[in-house]
Structure formats: structure tokens, C-alpha cells
Amino acid sequence: MASKRDPKYPTQPAPTNEVLPKDPIAPGGERHQQAKGRDDGLTTSQGGPVATNQNLATAGKRGPALLQDHVFRDKIFHFDHERIPERVVHARGSGAHGVFETYESLEDITCADIFARAGEKTEVFVRFSTVAGNKGSFDLARDVRGFAVKFYTQEGNWDLVGNNIPVFFIQDAFKFPDLVHAVKEAPDRGFPQAQSAHDNFWDFVSLMPESTHMLLWAMSDRGIPRSFRFMEGFGVHSYKFVNAKGEARFVKFHWKPLQGLQSVTWPEALSINGADPDFHRRDLWDSIQAGDFPEWELGVQVFDDEFADSFDFDVLDPTKLIPEELVPVRPIGKMTLNRTVASHFDETEQVAFMTQNIVRGIDFSDDPLLQGRNFSYLDTQLKRLGSTNFTQLPVNSPRCPVANFHRDGHMQTDLHTGRASYEPNSWTGDERGPRESEELGLRFEQQEVSGAKHQARAESFADHYSQAHQFWISQTEVEQQHIVAAFTFELSKCEVPQIRTRMLGNLRNVDEALAQRVADGLGMELPGASKPAVAPRKDLPASDALSILKNGPKDFKGRKLGLVVGEKTDADALKALVDAVIGAGGMVEVITPTVGGAKLSDGSQQPGAQFIKGTKAALYDAVALLVTEQAAVELADLPEARDFVTEAHVNCKFVGWNPEAKPLAVASGVEPDKGWVDLADAKAAVKAFGKLRFWERDVTAPAK
Ligand code: HDD
């Protein structure tokens, strides 16, 4: 054979509803077995059995080390080279494997093979990420989240490299390095890390009014999701679907979590970052390991040139969205994440996403941000992974055959045979090698293009504020209050007053009340409005799809209860509560005074998953206090127990309790209200937990 690369791993899934083949690198898989070494014996990289993994060879018992200790050299050499450059953005990520199932054939609008057959299952790999922080930063930074999906389709890999926010900060890729430099650590001092609450970021965005719409999203609770499982994903750009007749339509991609939308509050985010910096990463891992597989529906907004021409904004402008009320999102398939990674580095770190990885039937639009991205992602993979052969890494390797005349390069792992590495050639049979195919190959839409070379932004991109206003009026009162608080917090960290003033001037173009409330929070006079490129519109209707709270969950499924238990807790009441939570599809973490657990009323020992001094209420979706009066009095003496109750209360969580827990509530300085539900009826309590927050309590909201 000239150059055909067989699917390396795993073999291509059959186009049926069968379950996917076992991944060879998963535990127990063929390659995993190989990696374990000969009969579980330790070997060098060359496969030689190792006699000692403890001591250097030395001359004499206490003498100098011998240069000849090749086993030591092999080990240290590899260790010294373990690190690769982290991603310049989206460095901190969490990956998982899964499957995508197509609902129905979309042949009328796209010839993409993945959408050709109802019920088709396609293997996927997903990587969620924060954007600004380094690899070792914390999960609950206020930040955008990356939502990148690699579909291993039968006609090649398709990467949908999106975010949890449907718009972007900038309109043109030319500005991307500036944006990233502004939000990352200041180059002189190397901080602040993983946050946008600093002068450089707000200096830049206040000078770039096109960022304003995205800023509203980032300052909303979208910037602090409860976990990856509870957030939407968006392809952001307008792409195109092209059918077999060559007809093209615009398409925007949406991921909708079947778990519902959910975020934490800002004080909780601060608390979680200290208590569990891996909160999101752990949540994804734990839920998949527990068999509670997160699911998202992929939906599309499909529209033609006629709609694009009639729409209020340019569909090529990535700072704009198309309201779902105007073009409904059509669900076209479901993704289920059903397998954790076997190795964080091998898979999550080495996975290479690229917007230019499209397949036949999907095409780019002329969005200048997308066009620039298509150039950038390939570059970055070479920098990170060190070889043009990164596509041969298992996580990047297509599951369909690969056949071309690419040759050599660092770390080539394919074994190419035959003498022809060029075409045309006149060899035959296996020596001939692959050929292009007019019928099967990807062809771009045959689009007419005209006009002089141009180096300026199109006028159709000039409106920077109208959709920001639309986003603002689409939020509930609670969500608006959180946006005000976020702007106030972030701008309060800007040391240079002019930056705050400039930003307030921009916010006046979004909404006068918003700007005034932020100015009040900062204790500043409201400056004049900045001059917009075009007058913002205030007549766009509110869109419910833009609010998290209007799209929350309906029950406690997939959520976690933090259940405080003490000495002599009623064993029957405990069982009833745990059964009710599990019956509702939720999880329970039992918190006891010490991690050794507590002795229940029936004399049995209840182990603790956490002890009260080692956890925080912010880590749970609801909390419950199931304790005797004596235990409540003892807990009331512990500052950590009081903090636990106070944190749950002020963040509007539902608190399940029995009246005996009152001394703990009193000592915590909180007044039980209707959000405190009696555990006597466990099922009713769990039903209340499913509402997630008792917002009526919001003690941080300004008095009306
Ligand atoms: Fe990007 C990574 C999403 C604009 C250049 N980007 C990266 C990742 C996501 C996004 C999710 C992480 C992928 C992974 O998990 O490995 N990026 C976006 C979205 C954008 C966007 C939704 C706007 C709509 N990005 C953007 C621009 C450029 C880049 C305009 C450059 C011109 N992005 C990169 C990059 C990264 C990257 C430098 C860093 C690591 C990587 O690619 O693999 O090339």
C-alpha cells in the first residue's frame, strides 16, 4: 500500500445503533494493557526490566554516582521533558468522551455524513475550559467557558470550537492577541491571575465598545456556572450548511444542557475557589463515574440570505446573536458524555481542536473572526504538540481511514509503504496511492465575491450597544442585580479612576439604570455617555432564552445535597431523606462533626464524606441539618458550622431542617423563612430543593 493510514484507534463505529467499540486506551483496553509493561514488571523506555527503582549506581557504597546508570538517565531524561507549553488561552480544561446521536436526516439542508441518517451514532471528545487562567488556576473564575467538541465522523473530524456565551468580545481576529494580553496577567508583574477584575482588562474593553455586549454576558451569572453540566454551548459564528445540490444556508449552532441552566452566586464562587479549586473538573468526573451522564441537545438556527439581509444586524458580526424568538433553535441530535478520560495529559491536554476542521456539508462564513481563527489554531498545535504529526495522537486521530502523501516529520508513527509519495503517478495497485474525488471531497460553496481589497471594518458592524440592552432587559430582577454587582466589583478593582469613568460612559449607552446602579455602587458621579458609532436601539424585544433563571431545572436531578448529621441523628429520618434525594436522581454528601462519622439513633455508625470543618455550603445545591438539639448546640459552638449555615442562608439556598436544629440557626444569626423546609416530609423537602434558590430571601439586593 502506498500510504493508507488505517484507523488506529479505535476502529470506526459501524453506521448502526450499536454501542461503540471499546476504546483501546481505556482501562482494560489493548493499548492500556501494553502500557502496563511485561507481566506488570517495571521496564525502561526500551523495554528492559528494571532491577532497582530506588538507588543510583555508585562507585562504592557511599561513593560518587556512575555515569553509566542508563536506567536512571532514562527515567530523569523523560521526567525533565514532561511539560509542554500550555495553551495560550483556555489552558485549564477538563475532557470527556461521549457519543452524539443524530435525531433525523438533514439531507435537505446538509450533505454532512454525520447528519445523513436518523439514529446515527458518532463518537465525540469534549473539552471544557476557562479562558484566562493558567493550567493550575481555579475553576470558579469569573470567565467565559470553552465548549469544544470533536466529532469523529466517518468523513473526517469536525471540530465545533465554541464557548458558553453566544457572542464574542471582538469582531475581527486582528484584535485577539490584544484582548488576550489585556485579560491575562500584566506582563511586568505577572499577576493578577485568572481574573478580569483589573485595570488592563477594563482599559482595553472600555476602549473597544464592540466588547460591551459580551461584557454583559460575562458579568452575568453565565460567567460563574454551577458546573460544565449546567451550561449552554454556542458555535458563536454563523457557519453554513451546504446540501448535495450545492445550496448553502447560514447556520448557528447551540448546545442546550438537558440538565437545565444553573450558576453559582459570586460570594459562592469566591468560597468554592478556596474550598475546592477543582469544583467543575470534579463535578464532571464524579457525575460520569456515577453513571449520571450529562447530555446536551445540539440545535441549529438555519436561515437564508433573505433573512440575513433583512436582519437588524450583520450575521457575520460575532458580537451579535440571532434571538431564538426570531429564528427558533431546531434540535438535531443529542450528545451524551459517558466516559471519563483515561489520562488527563494524553487526552485532555493533547487534544487539538481547530475551527478549520470542518467536513463536507459544513462551510465557513466570511465572519472575520472565524476566518482569523482558521489560521490560528493550526499554528498553535504545532507549538504545543511539537510536530506536524499531532493528528496521529490517539485523541486526534480520525476514526475513518486517512490516506495522503504527507510524509515524515518529527514523531512519525505511521508506517508508510510503497515507493510513491507523490501524485500523479503511473504506479498501479497498492503502489498507486489515493486519489482526489470530485464526488466525495469537500467543496466550498460557490460564492460570488467582488470588491476592492479592503482594510477597514464594515459599517454594518457599527452598532455596539443595542443587543447589550436587549440582553439586559431580558434578565430577571435577581439576574440584573447580579450584573450590577459584578460590574461594581470588577470596576472597584481598577485603580485608575478614568478607566471606571470611561466604562460607565459606555454603560450609559446600554441602559441608564444599569449605569446609575453601577455608579452608585462605586460611589461615583455618572459621567456623560460615550459617543456611540451609531445610536443604540432601545426597541428590541426581551428574549426569555437569554435568562438563566427562566431556563432553570425542574427538579433535583443531578444536584447534590450537603446533609449535616450529628450524634444520635434519627436513623429513619436520615434514610427517608437519602432515599428521597436518590429517588429524585440527586446525590447526597453526608457531613459529620468528624470524618470518622456519627453514631445514629439506632446505634449504627454513619460515616462522613466530609467533616464540618472541611467543607462549605457553597459546594452544594441545597443543604440539610438533620441533628438532635444536643448536636445542634455542640455544632453551634463551631465557627465553621455557623459559617456553613450562614453561607447557605445568605446565598438563598433551600435549607432542610428539623426543629431541633434551631440552636444552630440562632447561633448562625439567621432567621429561618419559607426557604427553610421541614424534613418531616422528605419528599416535599426534595421537591423544594429542586427549585434551587429561594430568591425572595436575597439579602444582598437593595431594599425596594
Ligand atoms: Fe479560540 C483555544 C473558543 C476566538 C485562537 N478557543 C480555544 C478553545 C476554545 C476556543 C473553546 C480551547 C480548545 C481546547 O479545549 O483545546 N476562540 C473560541 C471562541 C472564539 C475564539 C468561541 C470566538 C468566537 N481563538 C479566537 C480567536 C483566535 C483564537 C479570534 C485567534 C485569532 N483559541 C485560539 C488559539 C487556541 C484557542 C490560540 C489556544 C489553544 C488552542 O487554540 O488549541 O489558537
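Quick reminder: no glycine exception, Cβ is built from N, Cα and C everywhere.
Annotation source TrEMBL lists region 'Disordered' at 1-59 (among others).
Per TrEMBL, compositional bias 'Basic and acidic residues' is recorded for 29-41.
The feature domain 'Catalase core' is assigned by TrEMBL to 43-431.
Shown in sequence order, Ser129, Thr130, Val131, Gly146, Ala148 are the residues of the chain, 6+ apart in sequence, with a C-beta less than 8 angstroms from the C-beta of His90 (active site). Residues or ranges marked as active site by TrEMBL: His90 (among others).
The active site annotation in TrEMBL covers Asn163 (among others). Mapped onto three states, the DSSP output places Asn163 (active site) in strand.
Per TrEMBL, the feature region 'Disordered' maps to 414-437 (among others).
Residues near Asn163 (active site) in space but far in sequence (CB under 8 A, at least 6 apart, same chain), listed by position: Val131, Val144, Arg145, Gly146, Phe147, Gly233, Phe234, Val236. With DSSP states grouped into helix (H, G, I), strand (E, B) and coil, the region 'Disordered' (414-437) comes out at 3 helix, 0 strand, 21 coil.
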